[in-house]
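J.: This is the feature table in Swiss-Prot:
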type: ACT_SITE; residues: Lys20; note: active site, proton acceptor
type: ACT_SITE; residues: Thr23; note: active site, nucleophile
type: ACT_SITE; residues: Glu73; note: active site, proton donor
type: DOMAIN; residues: 6-92; note: domain 'ASCH'
Amino acid sequence: MLTKITFFERFEQDILSGAKTITLRDEAESHVFAGQILPVSTFEDDRWFCDIEVIEVVPVLFSELTEQHAAQENMTLPELRRVIQEIYPGLEQLFQIRFCLVQ
């Protein structure tokens, strides 16, 4: 089970503003549960910047990503597909972690 989660620094402001409300992860990073509070740090330097509460975790296929997923990531669908392919090249099975910022 994950006890913290990291994001690339480029997503920090989107998370803090509430514009980014989901993250797509591989199976290794999907072991969280609804109601769990996770400290959030930057991937680059492990700097804590907030806490999030997990709302739900659902499997989703890369080929089934939609404009709604992209909007929840604060991206266009082509941007989202490109970013996912950079992070998880060739991976079809993803897990959507929906979250909210803990104030």
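Glycine too: its Cβ is placed from the backbone N, Cα and C atoms.
Note that this is a predicted model, so its numbers are computed, not measured.
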J.: What whole-number Å value do you get for the CA-CA distance of Thr23 (active site, nucleophile) and Glu73 (active site, proton donor)?
T.: 7
J.: Within 10 angstroms of the C-beta of the residue listed as 'active site, nucleophile', what count of other C-beta atoms is obtained when all protein chains are considered?
T.: 20
J.: Give me the long-range Cβ neighbours of Glu73 (active site, proton donor): same chain, 6+ apart, Cβ under 8 Å, in sequence order.
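T.: In sequence order, the residues whose Cβ lies under 8 Å from that of Glu73 (active site, proton donor) (at least 6 apart) are Lys20, Ile22, Thr23, Leu24, Leu80, Val83.
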J.: Averaged across the domain 'ASCH' (6-92), what pLDDT does the model get? Just tell me the whole number, please.
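T.: A mean pLDDT of 97 is what the model gives the domain 'ASCH' (6-92).
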